[in-house]
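Residues or ranges marked as domain 'Peptidase S24/S26A/S26B/S26C' by TrEMBL: 42-165.
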Amino acid sequence: MTLENTIHEYREKNKLSMDEFAKSLVQSPPLQPEDSETCPIPLIGDIAAGIPINAEQNIREYIPVNRSIVERCNGECFCLKVKGTSMIPEILDGDIIVVDSVIDPSRINTKDNIVIMIETTATVKHLSITDKGFLLTANNPDVYKPHFYDRDQVRTLPVTIAGKVVSLQREF
């Protein structure tokens, strides 16, 4: 039996188009073994600490995160790798942040680190929500000046809250 015949049989048996078959060959990175103290959380891309960067959500790998952190999350957790210096000294370039995707905007503290989506770009900043809009501020104002998005911009761009940073991991 040839490879072509094997593929054809597999596609017929599973009722897959050629595109569906091709997609089935793409595998996510393997899960890290789970132990009793950690949970594997997907690292889905990079996040800017500075000028927002395009947000691409592809699972690169799974990061073992302390189970107690994951259990405190309200929703799905995900990880992002930080690129930039606007959140120094708290968050450094190269840090991995753990984000809770479900947060109540009314409970955001201005000292919280929030993942913000601006159209198709993402950044991590402090967020103040006012009657007039969203104010994004950095820890390092010399690198990133505060930026205000009025209510119309929040609605039309849109500017959305993707989650709250609940933990970070740093390699030395």
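Any Cβ shown, glycine's included, is placed from N, Cα and C.
Mean pLDDT of the predicted structure over the domain 'Peptidase S24/S26A/S26B/S26C' (42-165): 90.
Shown for the domain 'Peptidase S24/S26A/S26B/S26C' (42-165): DSSP residue counts in helix, strand and coil, namely 15 helix, 60 strand, 49 coil.
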